[in-house]
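Per TrEMBL, the features are:
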REGION    B:1-20  region 'Disordered'
BINDING   B:Cys37, B:Cys152, B:Cys193  [4Fe-4S] cluster 1 binding site
DOMAIN    B:37-205  domain 'NADH:ubiquinone oxidoreductase-like 20kDa subunit'
DOMAIN    B:230-307  domain 'Cytochrome-c3 hydrogenase C-terminal'
BINDING   B:His235, B:Cys238, B:Cys258, B:Cys264  [4Fe-4S] cluster 2 binding site
BINDING   B:Cys292, B:Cys295  [3Fe-4S] cluster binding site
Amino acid sequence: MTTTEARPTDRKPPQLVDMSWDPITRIIGNLGIYTKIDFANREVVECHSTSSLFRGYSVFMKGKDPRDAGFITSRICGICGDNHTTCSDYAQQMAYGVKPPPLAEHIVNLGEAAEYMFDHTIFQDNLVFVDFCEAMVKATNPGVLARAERTEAPRGEIHGYRTIADIMKAFNPFEGEVYKEALKVSRVTREMFCLMEGRHVHPSTLYPGGVGTMPQPTVFTDYLSRLMRVIDFVKKAVAMNDDVFDFFYEALPGYEEVGRRRTLLGCWGAFQDPKVVDYRYETMNTWGKAMYVTPGIIVDGELVTNNLVDINLGLRIMLGSSYYEDWVNEDPFVTHDPLGNPVDMRHPWNQTTVPVPQKRDFDDKYSWVMSPRWLDQRTGDHLALDTGGGPLARLWSTALSGLVDTPYIKATGHSVRISLPKGESLPETTLEWRIPQWSNTIERDRARPYFVAYAAAMALQFLEEAMGMVRAGETKVFENYEVPDEAIGCGFHEAVRGVLSHHLVIKDKKIANYHPYPPTPWNASPRDMYGTPGPYEDAVQGQPIFEENGPDDFKGVDIMRTVRSFDPCLPCGVHMYVGKGKTLTTLHSPTYGANHG
Amino acid sequence: MTTHSSTAEVSKEPERSEDRQGIDEIHILWISEGMSCDGDTVSLTAADQPSIEDLVLGLIPGLPKVNLVNKVLSPSLGGEDFLAPYRAAVRGELGPFILVIEGSIPNQNIIEGDGYWTSFGNDPETGEPQTLNWWIDQLAPKAWAVVAAGTCATFGGIHAMSGNPTGCMGLADYLGWDYTSQAGLPVVNVPGCPIQPENFMETLIWVLYHAAGSAPPPPLDHMLRPQWLFGKTVHEGCDRGSYYEQANFAKDYNSPKCLVKTGCWGPVVNCNVPKRGWMAGIGGCPNVGGICIGCTMPGFPDAFMPFMDEPPGSTLSSLAVKPYGAVISRLRGMTNELVNHEPKWRHNKRKLTSGYDPRWRP
């Protein structure tokens, strides 16, 4: 079953060329994309994604003190390590039966808000936007650049750039104004992060049971003053991104097909409400829905569920194209969840990782990434959910559920309204992100700056509530506990680029099983046992090519835009490993400014 | 009488040739394909004293022109385009270059058959993945200098912990601790999980001043760490250290006091982060409420686990400091009481009692 719909048939005889990009730049980790491109019909006909890095966390975590899990799993990812620590602490808190004091939740939320602001900014402006910058567009679509020079930017009075080409120039790497400012902003937001969590990227002050951050008024003042310094940058970023993306639809009719797949989005929720959350599995649906980013699974525009218990029980880790021995005949670690529901053998709680290295064969086994899927009980389909790069699924799920209603954020059922206060140069502004028509490359990218605004707005609320507690003398930030002899736990959270879960089994006070499932295995997964391609493969496969270059000087910018729109971040592939591969005839390895460094 | 001093004179090239053997242009070939999370590259972008764009744009006086090649920051689309300078360096056609390795080095020799642990691009002849180890074997002998970024690359780090399947190790374990580069330097180790941004930039810049011919090699300790950065312990730079001296220990993480009893290894760990902060002086570890888990150390992580328990050695030393610390603490408390009051002559009665004497002489 492929999730891409059939396209109209008005086809010339195919002119097929093998094209590969390995390693992919401007991402973290090792990712290779291997495609077959039909230049006669200007379309990608086949795509395989693979990674060449093995990590093995679920292997070497076994037998360790469970309290160490957050410190160790942070090191899974060099960009969103704190999301792992936080998710691990959530899972441990369930296992230990401990509820951190409310102020600790706010400090964690403030750290995470700063993380989203930092990571999305540096990724969008310093990594993604290089594919949309003047130098790149000149090299791939000179006609589009010429048009951009003639096109006035509709939101120029907000961001200050006259034409679309002026914005593109500002995104030129290391030299463009926005590129440089984004690097600076990414430092200010990281300082905000360090105020709450000590260090970036691997935080020092997060513990299961709470935080060690000293809840003095000063840390909140220092955070607030920095937040207000970047608030206008956030408003400008949204305006600039909207201008550029609207322009692309206009300048290249049909661009909505680039990176488009069925709407199959997953979001596991973020930002706990300290008044509701108690980390008990039995009440998980209640506190899950109280999160300030609502969890949810969206299929073809419909919200299938926003219950975390359903989400948990539907998880399936599949094999098919991965180099692993199946574990279905092992003894399960967990037969039933704490509510008495049966837990599948392919659920992360029951997974056993048995690697079987072998040759890379794109017709058979070609990846050490497993294939996480979600079982839709209604249809029996194992859905290859994607995360929309994170923000698309988060905003979509929050908008559809319509549960978030705070002074700065309102979910309407079809949109999310975000209010930001007055900044240095721009007035109080309300932004509205509306559910788009497509789940495609442009909409994944467009959602990102909106989510930066969302995080900034939530940070304001967390700050106000946290400072209220501190002024009232409510300064406890850590709650003690005992590690039980036997327990299970699960954590659901959003890493910057999407869904993150940690599943933990404790026996004899030691880790018996630990399986983190970050966004990248969901997005970068290979074809599963039913032949369903992973989201990168599915989004690239069948997409049209708009680049003006022919096969001899092809850069592949449309393909790279699609892959990067998912915010690929391979260190969290965790199980990834590639065996010695077969010879692939690569007729062309695309080049762009080879002396650029 | 006149002197020869003028701005033109000062900026003149040194006359003795041994004073001017500098390199004018140098490449930095950064490979992050070691077993790691790429957190060191991400951390590097947090540096602002100086920043990476300052370095790349030539805003730091006295350095050679720097061409940075790093996968995360590269404007290229990837693949062979990105690999071109690395391939040129292997052929001996690009130099001089500083090789930066990020991530720990897996042991390929434990693999039976065709597998490998991590690769960096494909062999253009066969299309098969080219291992990290192959690249290091090719590039290390040709490198002007070799820098290991982060604890994975310096000492093996997380991936080298007990129970790991890859046999990982640090770069100096792999190349040999007696390895020297073309410039006669050993591997320059900048540990930290991840690198403290400014520690790394400062070390890199020292190496570049050395390349320019204006500085001696960076002074390194026996573990090849920059001495000025790793010569003191966490404890010696920690603003909770004085609580230790007074034997005033936090019982849990709700406290601003010394964290030794709740798992902090600061007294024995070589690291300057509490003093320097994490970035721009902000954040850190024990100074802001995080236990030191020894992430800059060769024994990290196993030697420091379980992290949240009191380090075994510290029971005795924190016990020994108890009687002394208790007395000191009590005496300080009395003194503190004294200096926390206003002097008695500040009142609004009718008599001046400040000791004022208009004719006072010593």
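The backbone N, Cα and C atoms fix where each Cβ goes, and this holds for glycine too.
Positions of the features from TrEMBL, shown on the structure.
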| residue | record | DSSP class |
| --- | --- | --- |
| B:Cys37 | [4Fe-4S] cluster 1 binding site | coil |
| B:Cys152 | [4Fe-4S] cluster 1 binding site | helix |
| B:Cys193 | [4Fe-4S] cluster 1 binding site | coil |
| B:His235 | [4Fe-4S] cluster 2 binding site | helix |
| B:Cys258 | [4Fe-4S] cluster 2 binding site | strand |
| B:Cys264 | [4Fe-4S] cluster 2 binding site | coil |
| B:Cys292 | [3Fe-4S] cluster binding site | coil |
Subset of B:Cys37, B:Cys238, B:Cys264 (binding-site residues) with C-beta under 8 Å from chain A: B:Cys37
Least surrounded among the binding-site residues, given as B:Cys258, B:Cys292, when other CB atoms within 10 Å are counted: B:Cys258
Under 8 Å by Cβ from B:Cys152 ([4Fe-4S] cluster 1 binding site), counting only residues of that chain that are 6 or more apart: B:Gly34, B:Met35, B:Ser36, B:Asp40, B:Glu102, B:Gly103, B:Ser104, B:Ile158, B:His159, B:Ala160, B:Cys168, B:Gly170, B:Cys193
Greatest C-beta neighbour count within 10 angstroms, which of the binding-site residues B:Cys37, B:Cys193, B:Cys238, B:Cys264, B:Cys295: B:Cys37
Helix, strand and coil counts within the domain 'Cytochrome-c3 hydrogenase C-terminal' (B:230-307) (DSSP): 25 helix, 6 strand, 47 coil
Cβ packing number for B:His235 ([4Fe-4S] cluster 2 binding site), 10 Å threshold: 21
Check: same-chain CB within 8 A of [4Fe-4S] cluster 2 site center, minus B:His235, B:Cys238, B:Cys258, B:Cys264: B:Val234, B:Arg240, B:Gly241, B:Tyr243, B:Tyr244, B:Leu259, B:Val260, B:Gly266, B:Pro267, B:Pro274, B:Pro286, B:Cys292
Distance [Cα-Cα, Å, rounded] between B:Cys264 ([4Fe-4S] cluster 2 binding site) and B:Cys292 ([3Fe-4S] cluster binding site): 5
Spatially closest candidate among B:Cys37, B:Cys292, B:Cys295, the listed binding-site residues, to B:Cys238 ([4Fe-4S] cluster 2 binding site) (Cα to Cα): B:Cys292
Rounded Cα separation (Å) that holds between B:His235 ([4Fe-4S] cluster 2 binding site) and B:Cys295 ([3Fe-4S] cluster binding site): 14
Rounded Cα-Cα span from B:Cys258 ([4Fe-4S] cluster 2 binding site) to B:Cys292 ([3Fe-4S] cluster binding site), Å: 11
Nearest-integer angstrom distance between the alpha carbons (Cα) of B:Cys37 ([4Fe-4S] cluster 1 binding site) and B:Cys295 ([3Fe-4S] cluster binding site): 14
Segment-level pLDDT (mean, integer) for the domain 'Cytochrome-c3 hydrogenase C-terminal' (B:230-307): 95
